[in-house]
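Structure record follows, encoded as structure tokens.
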Amino acid sequence: MGYHETYSPNGWKWLGFVSAVWVQAISGNNYTFSNYSDAIKTLMNLTQLELNNLSVAKDIGKAFGLLAGLASDRLPTPVILLIGAIEGLIGYGVQWLVVSQKIQPLPYWQMCIFLCMGGNSTTWMNTAVLVTCIRNFRRNRGPVSGILKGYVGLSTAIFTDICSALFSDNPAKFLIMLSVIPFAVCLTAVFFLRETPQSVSVAAEKEEARYFAIFNVIAVVVAFYLLAYDFIGSTNQVFSLVFVIILLVLLASPLAAPVYSFYKSWRLVRFEPDVERREPLLEQEANATAEAAERNEVINDEPPVAVDEAVVVEKSRPVIGEDHTIFEAMRTWDFWLLFVSFLCGVGTGLAVMNNMAQIGLALGHADISIF
């Protein structure tokens, strides 16, 4: 039983990472404003300046991501995911009601609030996913964050191409996708995304590196597949349906990692002799008991000054790579360097993306989805 417990967390850890990849693959809805902005502009009879201000309200929602960060230290991951899912369902759901003309266009200030909610919903999803996965893979924080943020970048293309293939870029149906699909995916991830015990063996680290390489390859394949469809375009309904099915299979393919991990754990438990499984456990328990006794002796023999020094070391500021509170982070140059970089870099990118539809239409392009 003990041996099984030693190995089985790996499978759950990878299953959690796959669910995190799926959450990231649908959490880029904040970057899709261009796909339905023209419909909102027409229905609400907005000027270009008013439409820009509406997109600013959407982006301001991400500024409240600090709330998700603070909550991540106090609330479990499933609760944070649920908050993001419900907020997105409401924010994009109301926009769908307006664009589909199920209700009369809301006052301008109310639309600003619902766009802000939609923008803020992704911060809860991203925080839940990144914080949990980085804690689960402390020795591979770089690959983890890179892969997950890469799927965020793909999410806009995934939503756009699926809507283009199935619904001919219908803005109302696009918005219902943005509200329902993230909600359903987050509800699924609630059951699998959670912190798991850390693996410290060299073999486990090598296995993680191999798995991350596979996840990277899958992401690149998905990217090229989406790009190929953008250039080819939808020729008929059957072709579009086949494209969507293959895309869903590609997005589901990372499940091979946890399935293989569970299978390997089952084989180790099923086929190794029971004695071989139990002996290492007895040795580990004996070693742990001896080490604990030695630590107690050392602590009891230390003078009061040594204890005081240990307390001082414990209270020292964490270094890069360790967990920081928000207030500890704000006292470092690294935090402010990142803050200014995101403020300038991401801000300009969002400004272009929010206006991509209007730029494309002004240049005479009837279909701006490829941008």
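The backbone N, Cα and C atoms fix where each Cβ goes, and this holds for glycine too.
Here is what TrEMBL records for this protein:
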DOMAIN    13-259  domain 'Nodulin-like'
TRANSMEM  79-96  transmembrane segment
TRANSMEM  108-134  transmembrane segment
TRANSMEM  146-168  transmembrane segment
TRANSMEM  174-193  transmembrane segment
TRANSMEM  213-232  transmembrane segment
TRANSMEM  238-263  transmembrane segment
TRANSMEM  335-353  transmembrane segment
Stretch-averaged pLDDT - the domain 'Nodulin-like' (13-259): 89
The transmembrane segment (174-193) touching the transmembrane segment (108-134) per 3+ Cβ pairs under 8 Å rule: yes
Highest-contact recorded stretch vs the transmembrane segment (174-193), from 79-96, 146-168, 213-232, CB pairs under 8 Å: 79-96
Folded-back contacts onto the transmembrane segment (146-168), same chain, C-beta under 8 angstroms, at least six residues removed: 20-21, 24-29, 31-32, 35, 126, 129-130, 133, 174, 177-178, 181, 212, 215-216, 219, 222-223, 226-227, 229-230, 234, 240-241, 243-244, 247, 251, 369
